[in-house]
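Undergrad: What follows is a single structure, and I will ask about it in a moment.
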Amino acid sequence: MSKKNIVLAFSGGLDTSFCIPYLKEQGYAVHTVFADTGGVNEEERDFIEKRAAELGVASHLTVDGGPAIWDGFVKQLVWTGETYQGQYPLLVSDRYLIVDAVLQRADALGTCAVAHGCTGMGNDQVRFDLAIKAQGNYTIIAPIREIQKEHTQTRLYEQKYLEERGFGVRAKQKNYTINENLLGITLSGGEIDKWEAPGEGARGWCAPRSAWPADPLTVAIKFVEGEAVAVDGKPLSGPQILMKLNKLFASYGVGRGIYTGDTVIGLKGRIVYEAPGLTALLTAHRALEDAVLTKQQNRFKPHIARKWVELVYEGFFHDPLKTDLETFLKSSQANVNGEIVLETRGGRVDAVAVRSPHILTSKGVTYAQTADWGIEEAEGFIKLFGMSSTLYAQVNRSLRS
């Protein structure tokens, strides 16, 4: 009797390593997919492939997730110009692209059974499950959630489970839970979870202040219809742009912060995050929009943007409302063309120059300096513009007297 195929989102870590023998003992032929979204080097990719083979998978597939994460998430996030709760730039949104890779593999194998290694306490389980459910009638198996029903020390249980079956466990145990991809890095655990100051080890790409270069960094980013297409005059693919900006701005400590916010399941979450490239892109794009969008566009767009960010954070990546909002966002980018010059001396980044044919200026007019209208026109505008407030004050003064 042939075993039923199941496709597992695999990272090579303890949780997903445990999932393979666990699922095999449930009667499945396990096929693993590793979606490389930019968080590993070639050596780590090789380790993941060998680890899957060691654990006895039926097949293993590595997928380049860089183009998908740019086209499916980064472009739209930059269009919004927003972060979750005004701070966090949605750095684990690669989960949705990982799901896509898993489902494509499942469809190719003709199976509806898929699995992931998410725990039952975090946000990722929500993102994985909702993204899967939105795309078809798939059966979701979550082994870590299953064992958490019976075991409180789940990681110790997983280690023992693997060792009893002859599989080694990496001797080096990390002090922090680290998520790394093209978007950036998040760190949690240890003193971070205890609401204390992060230790020196709680650092990813971003250099500490003592290591910042003495000379300032200046970088020019070109946008076409809201999408970054070149850095310092050199055309690059989206993933290449983000990788380059990550490297440049990380050396100046740009994009690092401590975030405390509301998780999907209602708990408070606290992480250290680093997103140097995204921070640079968002800063540049916002400066260009400020110059080329109308007053009403710049006023209204943040309402749409905040809702889009909330939907993505909370797992509604495939909700029709998200698609509707993206239609508006894409339309708003028609004139977001030009080049922004960014500058950093460390820690923060500023847009210091804007170059675009779409800047909303008028010949002969400079704010607070020169104008092509008369004094009487200005006075008339002020009178009409403030009519409601002026009448309110007049009426209430007369009533009080």
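Glycine is treated like the rest: Cβ placed from N, Cα and C.
Copying in the features that Swiss-Prot gives for the protein in this structure:
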type	residues	note
BINDING	ALA9, PHE10, SER11, GLY12, GLY13, LEU14, ASP15, THR16, SER17, ALA35, GLY117	ATP binding site
BINDING	TYR88, SER93, ASN123, ARG127, TYR273	L-citrulline binding site
BINDING	THR119, ASN123, ASP124	L-aspartate binding site
Undergrad: Using all protein chains shown, find which of the binding-site residues SER11, SER17, SER93, THR119, ASN123 scores highest when you count other CB atoms within 10 A of its CB.
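TA: Within the set of binding-site residues, the most crowded position is SER17.
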Undergrad: Given the binding-site residues GLY13, GLY117, which one is most crowded in terms of C-beta atoms within 10 angstroms?
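TA: Per the Cβ count within 10 Å, the most buried is GLY117.
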Undergrad: Rounded to the nearest angstrom, how far is the Cα of ASP124 (L-aspartate binding site) from the Cα of TYR88 (L-citrulline binding site)?
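TA: Here the two Cα atoms are 15 Å apart.
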Undergrad: Are any of ASP15, THR119, ASP124 (the binding-site residues) within 10 Å of SER93 (L-citrulline binding site) when you go C-alpha to C-alpha, and if so which?
TA: ASP124
Undergrad: Tell me the Cβ neighbour count for ASP15 (ATP binding site), meaning other Cβ atoms within 10 Å of its Cβ, over all protein chains shown.
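TA: The answer is 17.
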Undergrad: Sequence gap of 6 or more, Cβ distance under 8 Å: name the residues on the same chain that satisfy this around ASP124 (L-aspartate binding site), in order along the sequence.
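TA: The list for ASP124 (L-aspartate binding site) reads VAL92, ARG95, HIS116, CYS118, given in order along the sequence.
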Undergrad: What three-state secondary structure does DSSP assign to TYR88 (L-citrulline binding site)?
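TA: SS state of TYR88 (L-citrulline binding site) = strand.
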Undergrad: Going by Cα-Cα distance, which of the binding-site residues (ALA9, SER11, GLY13, ASP15) sits nearest to ARG127 (L-citrulline binding site)?
TA: ALA9
Undergrad: Looking only at Cβ atoms, how many others are within 10 Å of the one on TYR273 (L-citrulline binding site)?
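TA: Around TYR273 (L-citrulline binding site), other Cβ atoms within 10 Å: 24.
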Undergrad: Compute the C-alpha separation of ASN123 (L-citrulline binding site) from ASP15 (ATP binding site), stating it in Å without decimals.
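TA: Between the alpha carbons of ASN123 (L-citrulline binding site) and ASP15 (ATP binding site) there are 16 Å.
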Undergrad: Out of ALA9, TYR88, ARG127, which has the highest number of nearby Cβ atoms, where nearby means within 10 Å of its Cβ, if these are the binding-site residues?
TA: ARG127
Undergrad: List, in sequence order, the residues of the same chain other than THR119, ASN123, ASP124 whose Cβ lies within 8 Å of the centroid of the Cβ atoms of the recorded L-aspartate site.
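TA: The answer, listed by sequence position, is CYS118, MET121, GLY122, GLN125, VAL126, ARG127, PHE128.
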Undergrad: Could you measure the widest C-alpha to C-alpha distance across ALA9, PHE10, SER11, GLY12, GLY13, LEU14, ASP15, THR16, SER17, ALA35, GLY117, the residues recorded as binding ATP, and give it to a whole number of angstrom?
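TA: Maximum Cα-Cα distance: 17 Å.
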Undergrad: If one measures from the C-alpha of GLY117 (ATP binding site) to the C-alpha of TYR273 (L-citrulline binding site), what distance in angstrom results, rounded to a whole number?
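TA: Cα-Cα distance, GLY117 (ATP binding site) to TYR273 (L-citrulline binding site): 22 Å.
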